[in-house]
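Colleague: Please read through the structure below; I'll follow up with questions.
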Amino acid sequence: MAPSSYNYTSPQDMWYVLIGIPGLEDVHSWISIPICFMYIVAIVGNLFLIFLIVTEQRLHEPMYLFLSMLALADVLLATSTVPKMLAIFWFHSMNISFGSCVSQMFFIHFIFVAESAILLAMAFDRYVAICHPLRYTAVLTSSVIGKIGIAAVVRSFIICFPFIFLVHRLIYCGRNIIPHSYCEHMGIARLACDNININIIYGLTVALLSTGLDIMLITMSYTMILCTVFQIPSWTARIKALSTCGSHICVILMFYAPAFFSFFAHRFGGKTIPHHIHILAANLYVVVPPMLNPIIYGVKTKQIQDRVILFFSPISICC
């Protein structure tokens, strides 16, 4: 069909239909139960973690301040996606305007890139703590931590803001079915009756030069950490040094592994990966890491354990 014969639609007049998990519509209500539970645990766990760090003076250290930033990003990531997801599963509220869809798309990508930067900052924190312990307090001052947090937000905004223009510039002709539970860049772009090569190239560039660069720097940090740790003569000191990195490594793996699986499966998976598996994995990605992050840090970080015990001890005494 020639481009001139398309029935073009103004983006401002577009309404999309999010169908949830294609192929699993009959079990949406069952899928919603664990997702709702994980969302509640994620919100309560991360907000409680932020509360502990803010109110406990002993936790006002770089490692925990970065952790509070990560917890806030987790809350925002889950909240930007899960409520609409549950509305689809429970109430069949599938319609979403173009503006709301683009806003959700922006916040999802924005939070993802910002969270990647926070994980890089946490890796840098562990590098300084283990490789240059005598300079730790001098390097990671409150001012530096604040600047790192601002830099993460500004970088993420600069990287993700063009996504809005990239989807607005496209020509649409009435296709409005998104086989997903939330809006993301390529999901919107593929509904256009236009050339989306620029969208594809920019998406890949962002993934490789921002998140990919973060992964490379994190890997370099931990390579230098391991080199330093294995030069320590005492096995006890080695284990203690590595244990401080254990929770962070778990969080890194949970964050990047499913994200890149979803990213590359969406672009290159084709018919190899069933579409409902890809969408289900993408749905779990926005709730599972936010749910597990505070649990991992709570289990593996003694200072947080002690603060939690102290917080609940008056309750146990009263009962």
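Residue numbers in this text run from 1 along the chain shown.
Cβ coordinates are placed from backbone N, Cα and C, and glycine is handled just like the others.
As the structure is a computational prediction, the values presented were derived from the model and not from experiment.
Take a look at what TrEMBL says about it:
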- 45-297: domain 'G-protein coupled receptors family 1 profile' (DOMAIN)
- 31-54: transmembrane segment (TRANSMEM)
- 66-92: transmembrane segment (TRANSMEM)
- 104-124: transmembrane segment (TRANSMEM)
- 144-167: transmembrane segment (TRANSMEM)
- 200-229: transmembrane segment (TRANSMEM)
- 241-265: transmembrane segment (TRANSMEM)
- 277-299: transmembrane segment (TRANSMEM)
Colleague: Near the transmembrane segment (277-299), which residues from the same chain, at least 6 beyond its ends, have a CB less than 8 A from one of its CBs?
Modeller: 20-22, 24, 31, 35, 38-39, 41-42, 45-46, 48-49, 67, 70-71, 74-75, 77-78, 81-82, 85, 108, 179-182, 247, 250-251, 254-255, 258-259, 261-262, 265-266, 269, 305, 308
Colleague: Pairs of Cβ atoms less than 8 Å apart decide it: which stretch in 104-124, 144-167, 200-229, 241-265 has the most with the transmembrane segment (66-92)?
Modeller: 104-124
Colleague: How about the transmembrane segment (241-265) and the transmembrane segment (144-167): at least 3 CB pairs under 8 Å, pairs 6 or more apart in sequence, or not?
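Modeller: No, since the transmembrane segment (241-265) and the transmembrane segment (144-167) share fewer than 3 Cβ pairs closer than 8 Å, they do not count as touching.
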Colleague: Which residues of the chain, 6 or more past the ends of the transmembrane segment (200-229), have a CB below 8 A from one of its CBs?
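Modeller: Contacts with the transmembrane segment (200-229): 109, 112-113, 116-117, 119-120, 123-124, 126-127, 130-131, 155, 159-160, 162-163, 166, 185-186, 189, 238, 241-242, 245, 249, 252, 256, 259-260, 263, 267.
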Colleague: May I ask for the residues of the chain that lie six or more residues beyond the transmembrane segment (104-124) and have a Cβ under 8 Å from a Cβ within it?
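Modeller: For the transmembrane segment (104-124), the far contacts come to 63, 66-67, 69-70, 73-74, 76-77, 80-81, 84, 96, 148-149, 151-153, 155-157, 159-161, 163-164, 167, 182-185, 187-188, 206, 210-211, 214, 217-218, 221-222, 248, 251-252, 255-256, 259, 286.
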Colleague: Per-residue pLDDT averaged over the domain 'G-protein coupled receptors family 1 profile' (45-297) comes to what?
Modeller: 90
